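Listed features, source TrEMBL:
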DOMAIN    1-52  domain 'NADH:quinone oxidoreductase/Mrp antiporter transmembrane'
TRANSMEM  31-51  transmembrane segment
DOMAIN    73-261  domain 'NADH:quinone oxidoreductase/Mrp antiporter transmembrane'
TRANSMEM  114-136  transmembrane segment
TRANSMEM  170-191  transmembrane segment
TRANSMEM  211-230  transmembrane segment
TRANSMEM  236-260  transmembrane segment
Amino acid sequence: MIYGSTGATHFDQLAKILTGYEITGARSSGLFMGILFIAVGFLFKITAVPFRAAPRRKPPSPSDSISFLTQYMWAPDIYEGSPTPVTAFLSIAPKISISANISRLSIYGSYGAILQQIFFFCSIASMILGALAAMAQTKVKRPLAHSSIGHVGYICTGFSCGTIEGIQSLLIGIFIYALMTIDAFAIVLALRQTRVKYIADLGALAKTNPILAITFSITMFSYAGIPPLAGFCSKFYLFFAALGCGAYFLAPVGVVTSVIGRWAAGRLPRVSQFGGPKACTGHVAYRISCDTDGNACYER
């Protein structure tokens, strides 16, 4: 649609068309729809709300521990079902590449006020849902998936600014997010031999491997944005850029969701350091004993 409206595919040619000429009529609608489709595709790939949803073949049962907010997310299911190296790759590589492409589009030519509003909405929705949905999780990988969705909201904050300061803060946030994610999934991969699946399984980590427990705690505190860790610096730059461009509603929402996300992100290091209730996996253990006549008795 962009080529049909402009006759160009190169970034420099599109920049001249977008900034130097006035496009009206059907060509303007085609150009806008083409850019809109590109933006929606990018937002879907980085799991931004509401483009991170996909219908399930089988509806969840009423006894499912996942809340209504997380019933139709494909990202947590992929994070949980994929091998840990694949999960780490999917959580980092698409966000870096797509953010670079959107940044390149914004540098060569403005993508318009309407697309900035789309990024604005996706930023707020991703931050809120990522923080709230992570509170209801019981498995290790799923809070990391929802934290990734929340960080997509912080990334969209830089895009919604539409300024050089927003792009600069975005690059800083992407770099710090990649380091934190690599560290977190490296620890999860190191725990693979101990078959850690639920958050409650981290209860003995501080006793069995205290260095790994401390490293995991620092990483999750950085995810939560606790100063003076790197995660706090990335959020500070992004919120400062939002205030600088006049998006005064984004910064308070980001601060509130960061506070909410601290409970979910802090639950993993809290359990790893101080322990917690055992996870219920749905299996019932029976003890076999024999009476005086040699009959087997099953005790629950």
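Glycine residues also receive a Cβ, built from the backbone N, Cα and C atoms like all the rest.
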For the transmembrane segment (236-260), sequence-distant contacts whose Cβ falls under 8 Å of one of its Cβ atoms, 6 or more beyond its ends: 120, 123-124, 127-128, 130-132, 135, 150, 153-154, 157-158, 160-163, 165-166, 168-170, 172-173, 224-225
Cβ contacts under 8 Å made by the transmembrane segment (31-51) with residues that lie 6+ beyond its boundaries: 1-2, 5-6, 23, 73-75, 94-95, 98-99, 101-102, 105, 111-112, 114-115, 118-119, 122, 125-126, 129-130, 148-149, 152-153, 155-156
